[in-house]
Each structure stands twice: as structure tokens, then as C-alpha cells.
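Asks: Below is one structure. I have some questions about it.
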Amino acid sequence: MGRMLTIRVFKYDPQSAVSKPHFQEYKIEEAPSMTIFIVLNMIRETYDPDLNFDFVCRAGICGSCGMMINGRPSLACRTLTKDFEDGVITLLPLPAFKLIKDLSVDTGNWFNGMSQRVESWIHAQKEHDISKLEERIEPEVAQEVFELDRCIECGCCIAACGTKIMREDFVGAAGLNRVVRFMIDPHDERTDEDYYELIGDDDGVFGCMTLLACHDVCPKNLPLQSKIAYLRRKMVSVN
């Protein structure tokens, strides 16, 4: 028999006039290799079919199951219960995003708005002919672009960001990472001055306080620390 876990889950439906924010406590018997995602499924299947949380892939790829796990933004599907020695686990929705219900938040609209704000697409003067082979680039450059493209938009870096909590319009590490991704892509013809117009202010790269919680919590281990520093140096050199 496994040990008994105490799971405290935040419950609240902002669309309901009678719902009030509160914690609901559940006792779950731990199983080998149990994840928080498995725990939440057990709770929903056994105790609370009304519990809301998001998931798709269950493999750390889609980023849907981001939530606060004992105060740390993490993916439920990649967090093992055995890592919590006292067996007490508190789950809350990610801050900085609109709450849908319980542990479910709207990251989609935020990331869509961020993508539009930083103009997250290739800017080129000539029209691309899709019938021709794509222009070749050096393998090292392609690998660097791919590395930054691994962002799964889970929202963990945004939830961990002190600046984002204080400044609603801050683009966050995800936005700054997206800018660097296009900055190093040789297919994009924008200049440093063009990027400065997008993120050269306190809601962009100069709002970052370099606390680097984003770097610490990123489930894909993206090089956020070095890329934000690179972007800051680039933007400082513009003026």
C-alpha cells in the first residue's frame, strides 16, 4: 500500500454567482511513478467530476497542464508526487492569465496577443515561392532557431515573472524569446531598429528585472537567461 497524499485544489468558477474561491482537500493513495496529472484524473473520476483542469498530450509537449504546484509553475504531467516528501501538495491556477475555472486558465488569448504584438512571423520584401526549395541556412543557425522554437507556450515563465505580475502589458520571457528567434533567423529582414520599436521599452526588454525565475521554471530548459541578455545588449546598442 502506498502512502496517502493530501491534495489541496483551488476551486472557483468566476461565471457562477454563488461560487467563492476556496480549497478542496482530497486524500489519494500514491502509486509508483504517479504524476500530478494522474492525481487530478483520479480526483475527477472518483470524487469531483466537476473539477476543471487542462491537458492534451500528457507528455510535456503541448503545455496545456501548466499550474502552480506548491507555489512553483510546473507541468502537471511532468511532476512526480514522490518529489514531495511530506505528501502535501497544493494546486492553484497560473497567475497572470484569465481564470476560466478551478485550475484552468486562458493562455491561448494571451499568447495570440503577444504574437501579434511582437509580429511573430517572417518579414521579407520578396514574396516566397512555395514551389521552390527553401533557402538554405547554416546548420548551426538552423539549430539555434529550432532551439528557441521549442517553446510550448505553457505559461510557466509568465506566471513566475515578477515584472509580469506588476506590469500587465509586459511581454514576458516568452515574448522576448520569440523576438530573438526571428532576430537570428536569416529569412527575416527586420533590423535591430525595427525590433526596438516593438520591445525597446519597459513593457519589453527593458522591463525585465533579470530575476530569471523564467529561466528556472521553463520545462523545456530554453536558454532564456542568455537570450534575454543578448536581446538587451542588442537593443541598448540601437541608441
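Each Cβ is built from the backbone N, Cα and C atoms, and glycine gets one as well.
Note that the structure is a prediction, hence the values are computed from the model and not measured.
Copying in the features that Swiss-Prot gives for the protein in this structure:
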DOMAIN    5-95  domain '2Fe-2S ferredoxin-type'
BINDING   CYS57, CYS62, CYS65, CYS77  [2Fe-2S] cluster binding site
DOMAIN    142-171  domain '4Fe-4S ferredoxin-type'
BINDING   CYS151, CYS154, CYS157, CYS218  [4Fe-4S] cluster binding site
BINDING   CYS161, CYS208, CYS214  [3Fe-4S] cluster binding site
Asks: Helix, strand or coil for CYS161 ([3Fe-4S] cluster binding site)? Use DSSP.
Replies: coil
Asks: Given the model, what does the mean pLDDT over the domain '4Fe-4S ferredoxin-type' (142-171) come out as?
Replies: 96
Asks: Please identify, among the binding-site residues CYS57, CYS161, CYS214, the one with the smallest Cα-Cα distance to CYS151 ([4Fe-4S] cluster binding site).
Replies: CYS214
Asks: Of CYS57, CYS62, CYS161, the binding-site residues given in the record, which has the fewest other CB atoms within 10 A of its CB?
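Replies: Result for the binding-site residues CYS57, CYS62, CYS161: minimum number of other Cβ atoms within 10 Å at CYS57.
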Asks: Relative to the Cα of CYS62 ([2Fe-2S] cluster binding site), which of the binding-site residues CYS154, CYS157, CYS208 has the closest Cα?
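Replies: Comparing Cα positions, the candidate nearest CYS62 ([2Fe-2S] cluster binding site) turns out to be CYS154.
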Asks: If the [3Fe-4S] cluster site is taken as the center of the Cβ atoms of CYS161, CYS208, CYS214, which further residues of that chain fall within 8 Å of it by their Cβ?
Replies: CYS157, ILE158, ALA160, GLY162, THR163, LYS164, PHE170, GLY172, ALA173, LEU176, MET209, LEU211, LEU212, ALA213, LEU224, ILE228
Asks: Do any residues at least six apart in sequence from CYS208 ([3Fe-4S] cluster binding site), in the same chain, have a Cβ closer than 8 Å to its Cβ, and if so which, in order?
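Replies: Those within reach of CYS208 ([3Fe-4S] cluster binding site), by Cβ under 8 Å and sequence separation of 6 or more, are THR163, ALA173, LEU176, ILE228, ARG232.
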Asks: Looking at the binding-site residues CYS157, CYS161, CYS214, whose Cα is closest in space to that of CYS77 ([2Fe-2S] cluster binding site)?
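Replies: So, of the listed binding-site residues, the one sitting closest to CYS77 ([2Fe-2S] cluster binding site) is CYS157.
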Asks: Hey, for the [4Fe-4S] cluster site built from CYS151, CYS154, CYS157, CYS218, who else sits with CB inside 8 A of the CB center?
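Replies: Going along the sequence, the neighbours come out as GLY63, ILE152, GLU153, GLY155, CYS156, ALA173, ALA174, ASN177, CYS214, VAL217, PRO219, LYS220, LEU222, LEU224.
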Asks: Which one is it: of the binding-site residues CYS57, CYS65, CYS154, whose Cα lies the shortest distance from the Cα of CYS161 ([3Fe-4S] cluster binding site)?
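Replies: Looking at Cα distances from CYS161 ([3Fe-4S] cluster binding site), the smallest one goes to CYS154.
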Asks: At the level of the C-alpha atoms, what whole-angstrom distance separates CYS57 ([2Fe-2S] cluster binding site) and CYS214 ([3Fe-4S] cluster binding site)?
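Replies: With distance taken Cα to Cα, CYS214 ([3Fe-4S] cluster binding site) is 23 Å from CYS57 ([2Fe-2S] cluster binding site).
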Asks: Which of these binding-site residues has the least crowded Cβ, counting other Cβ atoms within 10 Å: CYS65, CYS151, CYS154, CYS157, CYS218?
Replies: CYS151
Asks: If you take the centroid of the Cβ atoms of CYS57, CYS62, CYS65, CYS77, the listed [2Fe-2S] cluster site, which other residues of that chain have their Cβ within 8 Å of it?
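Replies: Close Cβ neighbours, site residues excluded: PHE37, PHE55, VAL56, ARG58, ALA59, GLY60, ILE61, GLY63, SER64, LEU75, ALA76.
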Asks: DSSP says what for the domain '2Fe-2S ferredoxin-type' (5-95): how many helix, strand, coil residues?
Replies: 17 helix, 30 strand, 44 coil
